[in-house]
Amino acid sequence: MTYILFTIGLIGLFFGGEFLVRGASNIARAYRISPMVIGLTIVGFGTSTPELLVSLNAALDGAPAIAIGNVLGSNIANILLILGLSALITPIIAPLSRLWRDLAVMMGASALIWLMLLDGAVSRLDGAVLFAGLIGFLVMSFMTVRVDPPQDAPSPPPMWQSLLFTIGGLVILMVGARLLVDSATEIARTFGISEAVIGLTIVAVGTSLPELATSLIAAWRKQMDIAVGNIIGSNIFNILGILGLTTLIAPITTVDPRFAGVDMLWVAGSAAAVVVFVVLAGRIPRLGGAALLAAYAGYVALMNV
């Protein structure tokens, strides 16, 4: 029964995230927000809603390892797995001129949470600092968002329909997150697997399904701003928003040393890989996508050693 609930939870996260993103994107389109900003905020943050709900539930249930592992594992999966797969479908165009600010915020957020994890705890004050960083990023992003839509751009659907998708998606996500964190914890205890490893792999990939679907579809349709912005925005929100809000509500007093000693190396390394591709080439070629996927395979293998 546990595995059935786990599967239902994953399915709920996937469809809930899709409905949420579809509704929120249509609302944003109606207000003439640029594709990159949509990717960084509406889509990026929307697809991170599963991570938010799972981490909040885990922290409130006294499972901080899943709360932190879910965020770190999702950030690793977002870049190595999702961006890697997207680049395999079609090379990702990622010009530095449009991404330098957001890449800098992603790297800065990664460095900040690393310092907090090295301290052995993430306090309520730490959470306030992280969440304040998210507010600053949002203000900075929305300072120049208004764009004129193309002449042939389709009209957005009725507002009631967009709101229905958004609210319905959130409800499905809440149910899916609850089922996922409960069943994942039970599976971990049954097989003697640490909650940290479960959070870093199974739960992290499961909660990244909305990002995976969104970026793959965006890459297939040549919507590069959405594909890249979704990943960068999601990674920023995971750290500043999810860990910030989670620790504001339920401070994490004990942090597994492996997070700062091992997993943050992968978080920082994967983020740095994107920076290298963008700075040196302004794109992520198919070979680069294959390299990212190979790195993720190595990471998963390391987690199971």
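Including glycine, each Cβ sits where the backbone N, Cα and C put it.
Bear in mind that the values here come from a model prediction, so they are computed numbers and not experimental data.
The domain 'Sodium/calcium exchanger membrane region' annotation in TrEMBL covers 3-142 (among others).
Taken from TrEMBL, the feature domain 'Sodium/calcium exchanger membrane region' covers 162-303 (among others).
Here TrEMBL flags 33-54 (among others) as transmembrane segment.
Taken from TrEMBL, the feature transmembrane segment covers 66-93 (among others).
What TrEMBL records for 99-117 (among others) is transmembrane segment.
Sequence annotations record features per position, and here TrEMBL assigns transmembrane segment to 129-147 (among others).
Among the features that TrEMBL reports, transmembrane segment is placed at 159-181 (among others). Using a Cβ-Cβ cut-off under 8 Å and counting only residues 6 or more beyond its ends in the same chain, the transmembrane segment (159-181) has close neighbours at 5-6, 8-24, 26-27, 30, 49-50, 53-54, 57-58, 61, 63, 66, 203, 206-207.
Residues or ranges marked as transmembrane segment by TrEMBL: 226-250 (among others).
TrEMBL lists 262-281 (among others) with the feature transmembrane segment. Same-chain residues lying 6 or more positions outside the transmembrane segment (262-281) and placing a CB less than 8 Å from one of its CB atoms are 69, 72-73, 75-76, 79-80, 83, 94-96, 99, 103, 106-107, 110-111, 113-114, 117, 200, 232, 235, 288, 292, 295, 299, 302.
Within the same chain, residues 76-77, 79-81, 83-88, 91-92, 197, 200-201, 262, 266, 270, 273, 277 sit at least 6 positions outside the transmembrane segment (287-304) and bring their C-beta atoms closer than 8 Å to a C-beta of that stretch. Residues or ranges marked as transmembrane segment in TrEMBL: 287-304 (among others).
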Structural state census, the domain 'Sodium/calcium exchanger membrane region' (162-303) (DSSP three-state): 124 helix, 3 strand, 15 coil
